[in-house]
Each structure stands twice: as structure tokens, then as C-alpha cells.
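Take a look at the structure below.
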Amino acid sequence: MDTFQVIILALIQGLTEFLPISSSAHLILPAQLLGWEDQGLSFDVAVNTGSLFAVVIYFRNELWAMFKAWIASMVKGQHSDDSKLAWWIILATLPAVFFGFIAKDFIETHLRSAGVIAVTTIVFGLLLWWADKMSRRDLTVYQTGWRKALLIGFAQALALIPGTSRSGATMTAALMLGLSRDAAARFSFLMSVPVSLGAAILVGKDLAESPLPIDFQALTLGTVISFVAAYLCIHYFLKIISRMGMTPFVIYRLILGAVLCGFIFL
């Protein structure tokens, strides 16, 4: 890949990973518009790692508090709001791990198409709009509970379908279950840590076994750009939804879905 391609794809990953607008929908656009080939496994690992670093550093205080409380809950039997939240995040991760393991090959073979991505981008955009407008939205992350956490986890598993958007599906479910916009976003972001870490380990294992050469300069640049873009995205997204809700992202998803349909059918 040339430098321009690295910059564009890393920006797309960083900006779309944590917004409810589907990163997979955006990653196929350069291929459609510019005829770019697949960026490769090593680049996917690099930009995903950059996004993972961004959410870990942004929520470092919350994650550290949760980790300490989680350890205390196991070692000393001391339970607190942070330890409960940590257990809920772990519980919410399990459905994606299970369904990802059994359905990975089917999804890669049958669902990773522009048509599927276009439809899911539109459909789940409308569901996000409904959840944002019709739900109660007054619970904090510490009021989630294990049942709601598990249901949000199933929504995350549903996001294995390309175009759904992991953050979009989890925020939609959280809003439907009564979490506030800020709480829905924060729970979704915290959920991304174990999922992204697990995915990076699995893909990294495949990469280590691959005989293909590695362009370390491109990977380093992609990681840094993805990190910066994702960090800024998280920061400003939390500010935007507190003022404007999810409507701007719903409108954007509908437009994006229409554009993808145009590429497919015109």
C-alpha cells in the first residue's frame, strides 16, 4: 500500500470503529470508488490495535478502577459498583465469542457482500433512531444489571453481520433497555476492549503463521493514525450525543446505505 492509502484506511478505521455507522460499510467504499485491493491481514491488526489503545487510554481511570474492583471481588469477596460493572462487561462479551467462533466461516463466505452491508446499514440505522426516540434513557452504567448486559451482548453478537456496526447495535440495545445516551455509549466502548483484544490476538496468530512480507513502516503509520482518530472520535462523540442525540448518525447511515445501493444497482 502507498502512504495515501494507509492514511485514508487508518482514518476510516479510527473514525468509524466507535461511531454507530459501521466501519465495514466504509471500508468497502474505497474499493468501490478507487479500485483498491484488500488491505491485508497485517494492516487490519495494526489499525485495530490503534483503536484498542485509544479506548483503553481514554477510559484508563474507569478500566483501572474496574480491574482493581474485579480482582478484589474474586480474592476478597468485596463487591462494588465497579466490580459488578466489570463482571457485566465480561458477561456481555460471551455471546460474541460464542457466535463468532461457530459462525465466522459462514459470515465471511455468505454475508460479507456490498448488498448485505447496504441493507444492514439502513435497517439498523432505523432501529437506532427508534431506540433513541422511544426509549426511557435514564439508567447509568452502574444500573445495567446482568440481564441487560447479556442482552446487549447478544446485540454485539448480531453485529458480526457486516454493516450492522458493533457500536451501533450495542448502543441501540442499551437505549432500548433504558440506559441514557451517555451510559449506552460508555458501556459500548468498555465492551469493545475485551472483544478487540481477543480479535487482535486471534488475527495476530494468523498473521504470525502467514508467509507474506510485512511492511512495518505502513503498519506503524496506520496504528498511529487510527489511534489519534479513534481517541478524538470517542471524545467528541460523547459531547455530540449529549446535545443532539443519535439523529445525525441515523441520517448519515441512511445516506450511506443509499449510496451503497446506488453502487450495487446502478
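Keep in mind that glycine also has a Cβ here, set from the backbone N, Cα and C atoms.
The list of residues near the transmembrane segment (1-21) in space but at least 6 beyond its ends in sequence, with Cβ under 8 angstroms from a Cβ of it, reads 27, 30, 36, 39-40, 43, 46-48, 50-51, 54-55, 121, 128, 165, 167-168, 171-172, 188-189, 192, 215, 218, 221-230, 233-234, 237, 246, 249, 252-253, 256. What Swiss-Prot records for 1-21 (among others) is transmembrane segment.
Marked as transmembrane segment by Swiss-Prot on the basis of sequence analysis: 39-59 (among others). Non-local neighbours of the transmembrane segment (39-59) in the same chain are 1, 5-6, 9-10, 13-14, 17-18, 186, 189-190, 192-193, 196-197, 199-200, 203-204, 206-207, 210, 212, 214-215, 218-220, 222-231, 233-235; each lies 6+ residues outside the stretch with a CB under 8 Å from one of its CB atoms.
What Swiss-Prot records for 87-107 (among others) is transmembrane segment, and it gives sequence analysis as the kind of evidence.
According to Swiss-Prot, the feature transmembrane segment maps to 111-131 (among others). Within the same chain, residues 20-22, 24-25, 28, 32, 161-165, 168-169, 171-173, 175-176, 246-247, 249-250, 253-254, 256-258, 260-261, 263-264 sit at least 6 positions outside the transmembrane segment (111-131) and bring their C-beta atoms closer than 8 Å to a C-beta of that stretch.
Long-range contacts of the transmembrane segment (149-169) within the same chain: residues 17-25, 88-89, 91-96, 98-100, 103-104, 107, 111-113, 116-121, 124-125, 128, 177, 185, 187-189, 191-192, 195, 249, 253, each at least 6 residues beyond the stretch ends and with a Cβ under 8 Å from a Cβ of the stretch. The transmembrane segment feature in Swiss-Prot is assigned to 149-169 (among others).
Annotated transmembrane segment per Swiss-Prot: 183-203 (among others), in sequence order, evidence recorded as sequence analysis.
Taken from Swiss-Prot, the feature transmembrane segment covers 218-238 (among others).
Counting residues 6+ beyond its ends, the transmembrane segment (246-266) has Cβ neighbours under 8 Å at 19-22, 25-26, 28-29, 32, 114-115, 117-119, 121-122, 124-126, 128-129, 131-132, 168, 171, 175, 181, 240 in the same chain. The transmembrane segment annotation in Swiss-Prot covers 246-266 (among others).
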Tertiary contacts of the transmembrane segment (218-238), as residues 6+ beyond its ends and Cβ separation under 8 Å: 1, 3, 6-7, 9-11, 13-15, 17-19, 42-43, 45-51, 53-55, 57-58, 182, 185-186, 189
